[in-house]
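Participant: Right, I'll just put the structure down here and ask away after.
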């Protein structure tokens, strides 16, 4: 069955992180470029997969990659916070709602994404699994722009502070595995294994 495309909300793939804990052969590695399934990179896998669900997918990053895709470039070169990408996305895309997802969460199901995109009366709707909140797997409304401006001006980069002070709500999902974050090589190897066994998009 073909997924009905979400055409009224763009998806921004957050890929401006540091990969500081991702070590292969004692070298810090950019996890965005690790191969996944039949794709040359995690970046390509996530971008291609999300295009099956969203009409518009844009990659938020500090520099563009070889992958032919639309990019939103974060200007802050030495500061790493997803708030820059979120803020920049609203300023650039000029759209009421944006769905954000980090590059390193390749197992989130389309059902979960659709559930998050289906709730429209909050500033932020984010995913919550049995053990933690996933603030970056979330639907944001442009009404958060003032709070984003203020957070960046005061250099309070804690996402949880901003979200708790906004009119936000969590959607509870019961599958922890789906929200696996590829912070380390071990996480990556686990995701490769899970994708071999199942079919996540």
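Yeah, the Cβs are placed from backbone N, Cα and C, and that goes for glycine too.
Keep in mind that this is a model prediction, so the values were computed, not measured.
Not my notes, these are from Swiss-Prot:
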BINDING   14, 15, 16, 31, 104  GTP binding site
BINDING   104  Mg(2+) binding site
Participant: Ten-angstrom check, please: count other Cβ atoms within 10 Å of the Cβ of residue 15 (GTP binding site), all chains counted.
Facilitator: 26
Participant: What count of other C-beta atoms do you get within 10 angstroms of the C-beta of residue 104 (GTP binding site), across all chains shown?
Facilitator: 23
Participant: Cβ within 8 Å of the GTP site's Cβ centroid: which residues qualify beyond 14, 15, 16, 31, 104?
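Facilitator: Near the GTP site, beyond 14, 15, 16, 31, 104, sit 13, 17, 19, 32, 61, 102, 103.
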Participant: Counting across all protein chains present, how many other Cβ atoms fall within 10 Å of the Cβ of residue 14 (GTP binding site)?
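Facilitator: Residue 14 (GTP binding site): 23 neighbouring Cβ atoms within 10 Å.
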Participant: Max CA to CA distance in Å over the GTP-binding set 14, 15, 16, 31, 104?
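Facilitator: About 13 Å separates the two most distant Cα atoms.
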